[in-house]
Amino acid sequence: MSSGNRSEAVDVQKSYEVRTYGCQMNVHDSERLSGLLEGAGYVRAPEGSDGDADVVVFNTCAVRENADNKLYGNLGRLAPMKTKRPGMQIAVGGCLAQKDRDTIVKRAPWVDVVFGTHNIGKLPVLLERARVQEEAQIEIAESLEAFPSTLPTRRESAYAAWVSISVGCNNTCTFCIVPALRGKEKDRRTGDILAEIEALVAEGVCEITLLGQNVNAYGSDIGDREAFSKLLRACGRIEGLERVRFTSPHPRDFTDDVIAAMAETPNVMPQLHMPMQSGSDTVLKAMRRSYRQERFLGIIEKVRAAMPEAAISTDIIVGFPGETEEDFEQTMHAVREARFANAFTFQYSKRPGTPAADMDGQIPKEVVQERYMRLSALQEQISWDENKKQVGRTLDVMVAEGEGRKDGATQRLSGRAPDNRLVHFTQPEKAVRPGDVVTVEITYAAPHHLLAEGTPLAVRSTRAGDAWEKRTTGAAAKPAGVMLGLPGIGAPEPLPAAGAPACGIG
């Protein structure tokens, strides 16, 4: 966009909305898309705008079978809005755009821009080109043009941040289309990662989550199998960084040096999300998961030996082609043995373009649903039992923003414990801010949250809370600009159980 057009955009405050679907990597990319648009002179549309913006960007997911229907349904709802709003533009990016390309404009000719996973930095240019030429711009790159972390960013929080350490994936899981859309794994330089973290901490961020499709394969580019554990230890030496998390590792690459680094680095949190996908060796082989049940449970045993307080969660697919009742019972057995704090269970969804889509033995939906309900019931009880063990414990909870839907009605606040469990607690007499740390005693446990009903034992104001206060005060005084931070607090939330395995799954 030319300087004249940029000035015009600022003068009339052209607005934008970014809608994000799918995994944490997409959320990370959407922060960059927002930063790019604000750098081009757009301002963020108010919450609840529901498409009432000058530019609406869809950052799509291609994992679920109904991802296409969801996108085109939403695009269809915007079509009449566009006819009533002169100059409105619609852009579609992400994995579904990378996959479908020309199909999107054929099915929704009112779309102005289609871009892929490798060229998100081109969005402002493509929007301007579409405006000037008055025709749709479709540009899909086949390889990464710029590491997303180098792009302008508009983060949503002043106290917690995603930090991407790699993009792409070298695995060939038969159910997953993501490697074909995100490309081969490409690692970021360790020095660049640490420099970004240090800059974030200087801005007030106190928690970071290292992000990649397969984080513990980090270093494969240079042949250093211990690069990820070294990175964790390096994070432990950054003054002011209180909490470090990561997502998601692959069991194949989960080595003892990583477990040691987790246990020996105080600011690496006692939490592990490691996708199992199935407990059946037969199904794991069909999935090309390159580990078996014994190996997976062995990793969990080692993690718990090193960190007895660790909360371990996972992803599981039910109804993969060829899964027998015996195979499913092996998954149930593995869940009983592992005793996950949480498990995100998904009904298998056929994705065109994946080997699993053409496999024999596709399971009837009613069978998949019945197994899914059995597994969900088992995990619900285990989650509750594991949470009950927290009652009576004293925990340091980092105050969150927007985590408790009922906080206003219950006069409580919410936050995350070190192991990432959600805690609702009584408001202390002293005012606290997101990013501050409150020490509480747990009095009650539910399957998906903990409750601390007594007066908090201590409140610690933090630089992160200061940063949030400064950010909030500044936002009230002037339009939002390019910020540092992250949506939400704690590790990025996994997809809801109704969804599908995320791109970040190992």
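The backbone N, Cα and C atoms fix where each Cβ goes, glycine too.
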Item to check | Same-site residue for [4Fe-4S] cluster 1 (record: Swiss-Prot; known: Cys23, Cys61; options: Cys95, Cys169) | outcome: Cys95
Next on the checklist: Can you give me the Cα-Cα distance between Cys95 ([4Fe-4S] cluster 1 binding site) and Cys176 ([4Fe-4S] cluster 2 binding site) in Å, rounded to a whole number?
Outcome noted: 12
Next on the checklist: Can you tell me which of the binding-site residues Cys169, Cys173, Cys176 is spatially closest to Cys61 ([4Fe-4S] cluster 1 binding site)? Compare CA atoms only.
Outcome noted: Cys176
Next on the checklist: To the nearest Å, how far is the Cα of Cys23 ([4Fe-4S] cluster 1 binding site) from the Cα of Cys169 ([4Fe-4S] cluster 2 binding site)?
Outcome noted: 14
Checklist entry - Which of the three DSSP states, helix, strand or coil, fits Cys23 ([4Fe-4S] cluster 1 binding site)? => result coil
Next on the checklist: Below 8 Å Cβ to Cβ and six or more residues apart, same chain only. Which residues does that give for Cys173 ([4Fe-4S] cluster 2 binding site)?
Outcome noted: Gln277, Met287, Arg288, Arg289
Item to check | DSSP three-state assignment (helix, strand or coil) for Cys95 ([4Fe-4S] cluster 1 binding site) | outcome: helix
